[in-house]
Amino acid sequence: MTDLLSRAHADALDAADPLRSLRDAFVFPQHGDRDQTYLVGNSLGLQPRAARAMVDEVLDQWGTLGVEGHFTGPTQWLTYHQLVRDALARVVGAQPGEVVAMNTLSVNLHLMMASFYRPTHERGAILIEAGAFPSDRHAVESQLRLRGLDPATHLIEVEADEPNGTLSMAAIADAIAQHGPRLALVLWPGIQYRTGQAFDLAEIVRLARAQGAAVGCDLAHAVGNIPLTLHDDGVDFAVWCNYKYLNAGPGAVGGCFVHERHANSDLPRIAGWWGHEQQTRFRMDPQFVPSPGAEGWQLSNPPVLALAPLRASLTLFDQAGMAALRAKSERLTGHLEQLIRARVPQVLQIVTPAEPMRRGCQLSLRVAGGRAQGRSLFEHLHAAGVLGDWREPDVIRIAPVPLYNRFSDLHTFVGQVEAWAAA
């Protein structure tokens, strides 16, 4: 009888994995004479091998054509951002006109809040989760202050109500109902960055819209990780980074979604020339005529060199399909959970919810003994070539990414935890 928690079984799962060839499409950092055990794609995804060729293509076109590369050549820069549009739309469950790759997450969040946060005397509050990613909180507080409002009275935080610091849907629903008449905006993550908890965005949208509030989402840890259905869910706007699960490189261009019901609206916006309607953009008319859809929120011409790695990665997402990636992800993370509970339960506490629908690929882990022990284990793993990441005050995040991680990687991780505990 096969031991389902043995390395031999993990090797068999890897051999039978229909997505196993995708691993070869990525460049792995090295640890001595072997690949690192890279379990930190939730922080920075690996480099797609095709990225170099696509960046070189842009460089070659620049060298050969100069400024003419905007309008001629194999990939005209005028419309280069549209080369990633359709694939991005498939990843987030949107119509092509609802998405655009531009700026970075925090910049896009400010742009979206300038349009969608419309406070009135009666309705000016913003609802977020307690412990939101700091940049989101900074953005929200600064948007409130820009409008002469006090975050102490207009920023509402929903506190965790579950033992490991996670949030029940009931707590979110109660907060929306309690503060509904005051709410102008609900800003919510697809996945909470520290706990790894995934949220039912469709239900949050339903509850918020019933109260008359707009809904925006930070999808930094959700995009490319879990299936998303932004259009059908009715989210007003969403923003994300592309350097985590979408593997577009450090500081990569971000992404933005605007629901099609706002495509031709007269929402106020911070405007720039690249958001002007494409057919008349180069007439340089003084009157701003926005492009329909999300592209109407662009400010400047796209960073083509930064878009090239994203284009390379999205080709792999199309090759695999989100459904197949999610199926493998659930198996990988489930296997990691089983290994931890069976072999190192006295060392690691799993913070992330156990239900597959309430998490993505990431497991957030607390180490018995507190922060000092946690840092000791984290440094041991790093020295052994096993990469996760650390989030204060006491969480190690481990994220088996289905594009390139293997079941055997999880045994390497747990084996190193055992080695540290035995030392």
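The backbone N, Cα and C atoms fix where each Cβ goes, glycine too.
Summarising the annotation, Swiss-Prot assigns pyridoxal 5'-phosphate binding site to Leu105, Ser106, Phe133, Pro134, Ser135, Asp136, Asp218, His221, Tyr243, Trp273, Asn301 and lists sequence analysis as the type of evidence. Feature annotation from Swiss-Prot assigns N6-(pyridoxal phosphate)lysine to Lys244; the stated evidence is sequence analysis.
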Helix, strand or coil at Leu105 (pyridoxal 5'-phosphate binding site) [DSSP, three-state]: helix
Cβ atoms near Phe133 (pyridoxal 5'-phosphate binding site) (within 10 Å, other residues, all chains): 19
Protein Cβ atoms within 10 Å of Ser135 (pyridoxal 5'-phosphate binding site), excluding its own: 14
For Asn301 (pyridoxal 5'-phosphate binding site): intrachain residues, at least 6 apart, with Cβ closer than 8 Å: Trp77, Trp274
Rounded Cα-Cα span from the residue listed as 'N6-(pyridoxal phosphate)lysine' to Phe133 (pyridoxal 5'-phosphate binding site), Å: 15
Neighbourhood of Leu105 (pyridoxal 5'-phosphate binding site), C-beta criterion under 8 angstroms, separation at least six: Ser135, Asp218, Ala220, Val239, Trp240, Cys241, Gly254
Candidates Asp218, Tyr243, Lys244: member of the recorded positions with the richest Cβ shell (10 Å): Asp218
Span of the pyridoxal 5'-phosphate site, taken as the largest CA to CA distance across Leu105, Ser106, Phe133, Pro134, Ser135, Asp136, Asp218, His221, Tyr243, Trp273, Asn301 (Å, rounded to a whole number): 31
